[in-house]
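**Student:** Supplied in structure tokens, the structure appears directly below.
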Amino acid sequence: MKDMSEGYVTADGRKIGGVLMEMKNITLRFGGVVAIKDISFDIREGEIRAIIGPNGAGKSSMLNVISGFYIPSEGEVFYKGSKRPQMRPYQVAQQGIARTFQNIALFEGMTVLDNIMTGRLTNMKSNLFQQALWYGKANEEEMANREKVERVIDFLEIQSIRKTPVGRLPYGLKKRVELARALAAEPSLLLLDEPMAGMNVEEKEDMSRFILDVNDEFGTTIALIEHDMGVVMDLSDRVVVMDYGKKIGDGTPDEVRNNQDVIDAYLGVAHD
Amino acid sequence: MPDQLLFAMEVTLNGLMAGVLYSLVALGFVLIFKASGIFNYAQGVMALFAAMTLVGIQKGQVPFAHLINALLGTEVHHFGWHVPSILAILLTAGVMVVFAWIVERVVLKHLVNQPDIILFMATIGLAYFMEGFGDLMWGADIKKLDVGLPQGINIAIDDTTFGWFGYGFFIDNLDIVATVIAILLVISLTVFSQYSKQGRALRAVADDHQAALSVGISLRFIWVLVWSIAGFVALVAGIMWGAKSGVQFSLSLIALKALPVLMLGGFTSIPGAIIGGLIIGVGEKLFEFAIGPLVGGATENWFAYVLALIFLVFRPQGLFGEKIIERV
Ligand SMILES: Nc1ncnc2c1ncn2[C@@H]1O[C@H](COP(=O)(O)OP(=O)(O)O)[C@@H](O)[C@H]1O
Ligand SMILES: [Mg+2]
């Protein structure tokens, strides 16, 4: 693997920066089950980083560690150059890490617009009293946030469903709204847990395009989990491969594709 | 117009006003239930506690006077000042916020992710604790609550209706004020939850905890917030009820009336709590008026529960509640 301490340039000419997030010797146990075994890897400024592996490999667990939903049994997390103390998920979110969930976690009773507006909460500064009095600053802030949210809505082409309660949307659109909510936070790091799972081919293509566009237009660093090798190879700059909680490969898609351990792991498992 | 119909109209109006109070108490339940899935058994005691605190502050009573005197052999009871009503209400609201904060710190924080029944039991414990604590703090005697709300029959309504029908409606000013305040309270709660950042966060937490965490909402902050709001609602209910019937233990029993209201309106619906309260209020007054004499009266004690039970059979999720689907 080439030396990348100062960042690198991708095949399509995008500049990747220094380390944004580093996971060091992460181990995660649930009682007797070891979901993650001593894994280290980093995510760099501006890149699309994929985590792949068969079902049950520990991918979601890893994302949950990054976003603070799981507390690692061992290991350290470095973010923006400093060691991160143990944090609650909402604190991680306030640090600029937004995420989506494998099983979609939206506010089903709220409209698409309101759902996406919640994504702005971490960026809102006015306090309860200013809010209560609908005081100048709170008002301005609400307007500025509405504007940002409308831009995300345009970007993801969901104008027509802005006022629809999320509970009524089909699965594919829900996934898109969840991405919109995460994007609304203008995150430094965007975590996507199987953004294309359960979608048809057309929806998958749309979602791939959105992910690439987000990275391209806003320069957002993205870590995504995908089950399907093919999709990942097209999207990502670097790939971590997990199997049974262990890291069995790490590198560019080409490097990973030709890694014997990875080939074995994938041959041993039927895709679904 | 026939007399019976006029009586029935008057009874309906009075029922609506009694219903407003039920709605208020039910509203406190719904807020907490929506945001945290907790059925707060202590809601009624919170109303009692708020009313006691208000009277105590207003009269310049020394809190824990009995305890202090017993321990130190002193004889202090009053500070010797009198706090204006508005200030006393604000201070009491402050006490309810502190109370919400303590509940979160001491109880809720340690019970996150516990089964609902455990949390429910915790609120039963809380109710008994608060009851005793309130007595210790302010004394167990029956107190008169007077914050200057108008009381007595409304002459204007009496005269007007007499002019129209030849029969004057008897409506208490206090009920009118209670209704207006309750309506204002509901409007401000709605505006708050729809348009403010904290309101949006509150709705988010009520909808999905995990998703709320992922957008940076602190559940604990929201819990303090909803318990504070439920505390305000309890304070308002406590003032209304206290002004009507005095501040005493029976005030905490209005919570029991909220139960049929919730069964009717649904545990998760704010409009449901309001409409449910009005239906029960009107229903029990009209029933007492129409059927009461035939069965020897006192139907108001049980009517609400029977209505709620009948309702449960046909629509277990209540009028406005979400359909109950077990997640598998
Ligand atoms: N909250 C949890 N409690 C117990 N075991 C868990 C929990 N989350 C994940 N696991 C276990 O960790 C392992 C990895 O799961 P997961 O991270 O979801 O895999 P993947 O996302 O790669 O399919 C599985 O054996 C799973 O059962
Ligand atoms: Mg997974």
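Numbers run from 1 along the shown chain.
Positions of Cβ are set from backbone N, Cα and C atoms, glycine also.
Take a look at what TrEMBL says about it:
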TRANSMEM  B:12-32  transmembrane segment
TRANSMEM  B:38-58  transmembrane segment
TRANSMEM  B:79-102  transmembrane segment
TRANSMEM  B:117-138  transmembrane segment
TRANSMEM  B:176-195  transmembrane segment
TRANSMEM  B:221-242  transmembrane segment
TRANSMEM  B:254-282  transmembrane segment
TRANSMEM  B:302-320  transmembrane segment
**Student:** Report the listed stretch (B:12-32, B:221-242, B:302-320) having the maximum count of Cβ pairs within less than 8 Å of the transmembrane segment (B:79-102).
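**Tutor:** The stretch I would name here is B:221-242.
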**Student:** Take a look at B:12-32, B:117-138, B:176-195, B:221-242, B:302-320 and tell me which one has the most Cβ pairs under 8 Å to the transmembrane segment (B:38-58).
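**Tutor:** It is B:117-138, which has the most Cβ pairs under 8 Å.
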**Student:** Could you check if the transmembrane segment (B:12-32) is in contact with the transmembrane segment (B:221-242), meaning 3+ Cβ pairs under 8 Å among residue pairs at least 6 apart in sequence?
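**Tutor:** With 3 or more qualifying Cβ pairs, these stretches touch.
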**Student:** Under 8 Å between C-beta atoms and at least six residues away from its ends: which parts of the chain pack against the transmembrane segment (B:176-195)?
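**Tutor:** Those are 16-17, 20-21, 23-24, 27, 149-150, 154, 202-203, 229, 232-233, 236, 240, 270, 274, in sequence order.
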